[in-house]
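**Student:** Not my notes, these are from TrEMBL:
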- 20-39: transmembrane segment (TRANSMEM)
- 21-424: domain 'Major facilitator superfamily (MFS) profile' (DOMAIN)
- 60-82: transmembrane segment (TRANSMEM)
- 102-126: transmembrane segment (TRANSMEM)
- 147-166: transmembrane segment (TRANSMEM)
- 178-197: transmembrane segment (TRANSMEM)
- 235-260: transmembrane segment (TRANSMEM)
- 272-294: transmembrane segment (TRANSMEM)
- 301-322: transmembrane segment (TRANSMEM)
- 328-350: transmembrane segment (TRANSMEM)
- 362-385: transmembrane segment (TRANSMEM)
- 391-416: transmembrane segment (TRANSMEM)
- 443-510: region 'Disordered' (REGION)
- 443-477: compositional bias 'Basic and acidic residues' (COMPBIAS)
- 489-498: compositional bias 'Polar residues' (COMPBIAS)
Amino acid sequence: MGGAVVDTGDCGVKAPDGGWGWAVLFGCFVITGFSYAFPKAVSVFFKELIREFGVGYSDTAWISSILLAMLYGTGPICSILVNRFGCRPVMMVGGLFASLGMILASFATNIIHIYICTGVITGLGLALNFQPSLIMLNRYFSEKRPLANGLAAAGSPVALCCLSPLGQVLQYNYGWRGGFLILGGILLNCCACGALMRPLTAPKKTSEVEEKEKETKPKPKPKLLDFTVFKDCGFLIYTVAAAIMVLGLFVPPVFVVSYAKELGNEDTKSSLLLTILGFVDMFARPTCGVIAGLKWVRPRCVYLLSFAMIFNGTTDLIGSMSKDYPSLVVFCIFFGISYGMVGALQFEVLMAIVGTEKFSSAIGLVLLVEAFAVLLGPPGAGLLLDYTKNYMFVFLLAGCEVFLSALVLGICNLLFIKRKPEQPDPPAKMEMAIIDTEMEELNKAPKNEQDSRGGENGKKQAVEQEATAKSDDKIVQEPESIGVDSIELENSSKNVTEPNGVVVEPESSL
């Protein structure tokens with residue numbers, strides 16, 4: 001990677017809000033779809049794996065759990081790698097890992113091999129793609145960032161609607177081994193998406209400007225993992241609320257199909273509920289992104305997220321009383337809307353709280369905290385179901401957890417976070433500083449001219465004052481000189497008698 005440009009994030013370039021950013025958005029759309037939909041799409045092969053290796057359903061369920069744990073739990077590692085090497089190389093290596101894991105899993109001889117290859121290796125590869133794609137999206141979009149986040153988040157339901165039927169077709173035609181091999185080839189597209197993540201570079205500067213910058217401000221070393229985000233009260237509130245939310249957010253999609261079967265519905269009819277949920281979710285995310293980007297809404301985006309969480313929790317609480325299939329369809333529609341709103345807003349709010357510089361570290365630490373909640377949420381709900389034998393309590397628990405997280409986020413922000421005026425991003429700050437210095441230099445020139453003109457005017461005024469003073473003195477002395485001259489003229493005008501008796505007049509003598 002000798003000649004590669006490392007995108008440290010503080011390159012002094014304003015987010016373009018378009019241009020190549022739309023290619024970055026497309027790459028993020030695909031990566032988000034793979035990251036969230038792939039753990040669910042793999043579940044299509046679970047029956048074949050149970051028959052092949054003679055294990056139970058709980059053993060195969062660990063494959064999806066390990067995938068999600070790697071996606072969330074390796075957040076700090078991804079942050080360190082991104083801050084050290086940049087987003088593009090990390091994503092391309094991650095794409096190779098994701099593909100390699102599925103290809104190796106196609107040669108597995110026991111379930112442990114599946115855990116290691118599909119769970120750990122593929123999970124790590126998806127994690128190395130998911131987090132850097134969000135970081136690059138944050139760098140390329142500022143004004144249109146809520147819309148960009150909503151469109152990128154829509155990749156999850158779109159991919160789920162595509163990968164699940166594709167997995168069934170592959171299993172029917174090629175078996176689980178052939179299906180894993182083909183999915184491994186499809187995951188190589190992560191490398192292509194990584195290649196789209198072109199780092200932003202600052203315009204070339206003259207040698208004089210570079211020397212001045214070196215003299216004035218030495219460039220600090222970028223931190224591999226910035227723990228100072230924990231000093232931000234807003235970040236702490238967000239992290240606690242997100243951890244509580246994740247405990248119950250993913251529970252209804254896991255249990256709604258089983259709940260429908262429990263009510264006596266067919267397998268195909270029950271599975272259709274997830275399709276309805278995903279279809280509604282597909283349109284809810286970009287729509288919420290548009291709403292979050294409105295001028296009046298964007299400064300209050302954290303409260304919009306709180307509303308989405310309250311909406312989701314209330315939907316769970318009301319859905320727990322469903323007793324037939326039509327009521328479950330209505331539940332899936334409203335759950336899809338609220339679930340899409342949360343998915344579109346969760347990372348937008350985090351970006352708004354910590355800013356562009358610290359987002360790469362903040363998202364890694366948040367995902368690490370959420371990893372524990374992801375591992376505890378669905379299994380805890382399963383234990384509650386085993387104990388009560390009633391799905392109503394599962395949905396009630398999930399709704400209470402999400403509702404509580406909304407209260408924590410909304411009330412704590414209202415009480416402990418003082419509203420500050422929006423500050424521009426570091427690139428915008430740099431541009432404003434340059435403009436200020438240029439204006440100062442332009443203002444200095446007129447001042448110097450005024451000072452020089454003022455000095456010249458002062459000198460002229462002093463000379464004029466001296467001249468007027470001298471003229472005043474002359475005016476005061478003029479009567480005396482005139483008096484003296486008149487006497488002399490009178491004396492001289494008298495006739496002068498010479499010794500020889502000749503009278504001489506002054507005029508004639510002259």
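The backbone N, Cα and C atoms fix where each Cβ goes, glycine too.
A TrEMBL annotation is a machine prediction, not a hand-curated record.
How about a rundown of where these features are and what they're close to?
**Tutor:** Tertiary proximity for the transmembrane segment (20-39) is limited to same-chain residues at least six positions away from its ends with a CB under 8 Å from its CB atoms, namely 63-64, 67-68, 71, 91, 98, 122, 126-127, 129-130, 133-134, 136-137, 140-141, 148, 151-160, 162-164, 187, 189-190, 192-194, 196-198.
Taking Cβ pairs closer than 8 Å, the transmembrane segment (60-82) reaches residues 35, 38-40, 42-43, 46, 49-50, 90, 111, 114-115, 118-120, 122-124, 126-128, 130-132, 135, 224-225, 360-361, 363-368, 370-371, 374-375, 378-379 in its own chain, all 6 or more past its ends.
Within its own chain, the transmembrane segment (102-126) is flanked in space by residues 34-35, 38, 42, 49, 53, 55, 59-60, 62-63, 65-71, 74, 94-96, 177-178, 180-181, 183-185, 187, 190, which lie at least six positions past its ends and keep a Cβ under 8 Å from the stretch.
Note on the transmembrane segment (147-166): residues 21, 25, 28-38, 40-41, 44, 133-134, 137, 140-141, 274-275, 278-279, 281-283, 285-290, 292-293, 340, 343-345, 347-348, 351 of its chain, located 6 or more positions outside it, place their CB under 8 angstroms from a CB of the stretch.
Listed by sequence, the residues of this chain that lie at least six past the ends of the transmembrane segment (178-197) yet keep a Cβ under 8 A from its Cβ atoms are 23-24, 26-28, 30-31, 34, 38, 41, 45, 87-92, 94-96, 98-103, 105-106, 118, 122, 125-126, 129, 132-133, 136, 167, 170-171.
Long-range contacts of the transmembrane segment (235-260) within the same chain: residues 229, 269-271, 273-274, 277, 302, 309, 312-313, 316, 319, 322, 325, 328, 331-332, 335, 339, 342, 346, 349-350, 353-354, 362, 365-366, 369-370, 372-374, 376-378, 380-381, 385, 391, 394-395, 397-402, 404-406, 408-409, 412-413, 416-417, each at least 6 residues beyond the stretch ends and with a Cβ under 8 Å from a Cβ of the stretch.
Taking Cβ pairs closer than 8 Å, the transmembrane segment (391-416) reaches residues 233-234, 237-238, 240-245, 247-249, 251-252, 255, 258-259, 262, 302-303, 305-307, 309-310, 312-317, 319-321, 377, 380-381, 384-385 in its own chain, all 6 or more past its ends.
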**Student:** Sort out the residues at least 6 away from either end of the transmembrane segment (362-385), same chain, that have Cβ-Cβ distances under 8 Å to it, and list them.
**Tutor:** 65, 68-69, 71-80, 131, 134-135, 225-227, 229-230, 235, 238-239, 242-244, 246-251, 254-255, 347, 350, 353-354, 391, 393-394, 397-398, 401
**Student:** Limited to the domain 'Major facilitator superfamily (MFS) profile' (21-424), I'd like the whole-number average of pLDDT.
**Tutor:** 87
